[in-house]
Amino acid sequence: MMKPFGKVLCAAGSLAVLLAFFWRDTFQPEQLSGARVLLTGASAGIGEQMAYHYATFGAEIVLTARREAVLQEVMKKCLTLGAKKVFYIPADMSSPSEPDRVVQFAVQNLGGLDYLVLNHIGVSPFQMWGGDVEHTRWLMQVNFFSYVALATAALPTLEKNHGSVVVVSSLTGKIPTPFTTSYSATKFALDGFFSSLRHELTMQKRNVSITLCILGLIDTDAALEKTRGKVFIAASPAAEAALAIIRGGAARLRELFYPWWLQPVHGLWVLLPNPRVLQSFYNYSGP
């Protein structure tokens with residue numbers, strides 16, 4: 001006889017298949033031709049791949065990250081791929097003054113914004129909580145407060161253009177997982193703030209969409225290095241994740257789960273939270 005956990009998992013999987021069957025992908029790459037995009041965390045990983053996709057679709061892009069030399073290389077490649085315009089601005093989002101400066105730069109150079117894509121993250125160890133409160137404060141500034149500041153600064157121009165805010169988050173902002181205490185806290189904060197803001201924008205009839213992107217483990221160098229030997233989950237391709245994020249933002253989805261099976265997993269957790277099942281995906285060999 002199937003156990004209750006197995007029944008719920010089977011039901012969640014069946015629902016996901018049913019939704020996939022009836023959902024029709026209406027994405028047209030042409031709709032991003034000439035779109036004005038501010039993309040953060042654009043120097044590596046998912047952000048770099050998003051930059052190349054947007055360039056291929058003919059967007060106008062402002063790239064930002066900390067490393068200027070790398071941004072220059074990404075900009076050059078974007079131009080060869082077909083971007084109509086590309087600018088870059090180095091910025092360290094641990095500084096509270098940077099978000100306003102970055103948005104002003106983007107608006108001045110592009111004449112406005114259609115998409116604000118928030119993707120940057122601060123480096124955080126993948127380990128048990130060690131009591132580093134100062135690191136958590138710093139991480140909240142980079143991973144959360146700077147997102148709030150960027151979105152706040154960009155809302156006026158996004159509203160004029162019926163634009164979109166695309167927030168790259170993580171399953172750790174929906175389901176608390178081990179080894180990610182500080183990181184998970186920042187992602188839960190993103191979910192709470194932007195989900196609440198979405199309600200308020202709708203109630204005020206302000207035509208700005210917010211797409212929250214919930215990602216699993218992605219095969220970026222940084223993620224693979226940190227999780228090696230600690231997580232029993234296959235990593236998904238960064239280029240595919242980047243494209244899924246762009247499509248979700250263009251479709252003005254409320255939430256996007258990538259890979260797709262994270263959605264039934266999250267639904268299962270909401271219905272039947274089971275810490276032991278969750279912990280079975282992690283390897284803890286410490287004291």
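Quick reminder: no glycine exception, Cβ is built from N, Cα and C everywhere.
Quick look at what Swiss-Prot lists:
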{"type": "SIGNAL", "residues": "1-20", "note": "signal peptide"}
{"type": "BINDING", "residues": "41-67, 92-93, 119-121, 183-187, 216-222", "note": "NADP(+) binding site"}
{"type": "BINDING", "residues": "Ser170", "note": "substrate binding site"}
{"type": "ACT_SITE", "residues": "Tyr183", "note": "active site, proton acceptor"}
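Swiss-Prot feature annotations superimposed on the structure.
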residue	record	contacts (Cβ under 8 Å, 6+ apart)
Gly41	NADP(+) binding site	Gly47, Thr64, Ala65, Asn119, His120, Ile121, Val168
His53	NADP(+) binding site	Ala239, Ala242, Leu243, Ile246
Ala59	NADP(+) binding site	Leu32, Ser33, Gly34, Ala35, Arg36, Val37, Ala83, Lys84
Ser170	substrate binding site	Tyr183, Ser184, Lys187, Ile214, Leu215, Gly216
Asp221	NADP(+) binding site	Ala44, Gly45
Q | All-chain count of other Cβ atoms within 10 Å of Tyr183 (active site, proton acceptor) | A | 22
Q. What number of additional C-beta atoms lies within 10 angstroms of the C-beta atom of His120 (NADP(+) binding site)?
A. 23
Q) What is the Cβ neighbour count of Ala65 (NADP(+) binding site) at a 10 Å cut-off, with all protein chains included? A) 25
Q: Ten-angstrom check, please: count other Cβ atoms within 10 Å of the Cβ of Gly47 (NADP(+) binding site), all chains counted.
A: 26
Q) Is Ala65 (NADP(+) binding site) helix, strand or coil when read with DSSP? A) strand
